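Working notes, beginning with the structure itself.
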Amino acid sequence: MLRRFSLFSLGFLGWLLVSGNASASFSSTLSEGYHTLSNNVAQTWNEPEHYDLYVPAITWHARFAYDKEKTDKYNERPWGAGFGVSRWDEKGNWHGLYLMAFKDSFNKWEPIGGYGWEKTWRPLTDQNFHLGLGYTLGVTARDNWNYIPIPVILPLASIGYGPATFQMTYIPGTYNNGNVYFAWARFQF
């Protein structure tokens with residue numbers, strides 16, 4: 001019995017030590033991530049290479065996730081515009097700060113602003129062609145939620161040539177809510 005208790009105690013103590021190290025490691029990872037993010041946002045704001053025009057192009061409600069009666073009523077032409085600043089870092093990745101307003105699914109104005117980052121690849125010998133995958137962190141507000149600010153973390157993907165980029169995201173959701181593909185053109189000046 002004493003032997004089992006000793007083995008259990010040693011195992012529990014080892015678990016506490018490992019979980020303490022994992023917790024410290026997780027905390028330091030979060031801290032490093034926050035510092036990297038805040039430094040990238042500050043550098044993009046203070047040292048922009050480009051001014052960007054955003055032109056919303058399409059919203060598409062995933063038909064498998066909606067009743068037809070709902071999608072028949074939704075607006076899928078998000079008229080609007082936006083403005084931003086951006087830069088390419090030393091690794092060739094894209095960073096941007098943006099503010100955009102567009103007509104949402106109910107044809108009401110929806111503003112969104114935030115920071116976007118994309119890992120960028122240039123797979124062809126023509127370095128003007130680029131592909132990107134990343135994320136955006138921002139805040140939006142919707143009419144059907146009384147324009148209460150709502151934080152968003154969404155994936156980003158893009159395909160572009162030179163200063164013109166077609167950028168997109170997917171808003172996940174539940175049945176008859178969310179599950180929207182949203183895309184826009186971004187022009188760098």
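Backbone N, Cα and C define each Cβ position, glycine as well.
Sequence annotations record features per position, and here Swiss-Prot assigns signal peptide to 1-24 based on sequence analysis.
Per Swiss-Prot, active site is recorded for His61 (among others), and the stated evidence type is sequence analysis. The Cβ of His61 (active site) lies under 8 Å from the Cβ of Lys70, Thr71, Tyr74, Glu76, Ser105, Asn179, Val180, each of which sits 6+ residues away along the same chain.
Under the three-state DSSP scheme, Lys70 (site 'Role in lipopolysaccharide recognition') falls in the helix class. Cβ contacts within 10 Å of Lys70 (site 'Role in lipopolysaccharide recognition'), excluding its own Cβ and spanning all protein chains shown: 14. Here Swiss-Prot flags Lys70 as site 'Role in lipopolysaccharide recognition', drawing on sequence analysis.
If you take the C-beta of Asp104 (active site) and look for same-chain residues 6 or more apart in sequence within under 8 angstroms, you find Thr59, Asn75, Pro78, Glu110, Arg142, Asp143. Residues or ranges marked as active site by Swiss-Prot: Asp104 (among others).
Reduced to three states, the DSSP call for Ser105 (active site) is coil. The active site feature in Swiss-Prot is assigned to Ser105 (among others); the stated evidence is sequence analysis.
Feature annotation from Swiss-Prot assigns site 'Role in the phospholipid gating' to Tyr175. Within the same chain, residues at least six positions away from Tyr175 (site 'Role in the phospholipid gating') with a Cβ under 8 Å of its Cβ are Ala65, Tyr66. DSSP assigns Tyr175 (site 'Role in the phospholipid gating') to coil in the three-state reduction, outside any helix or strand.
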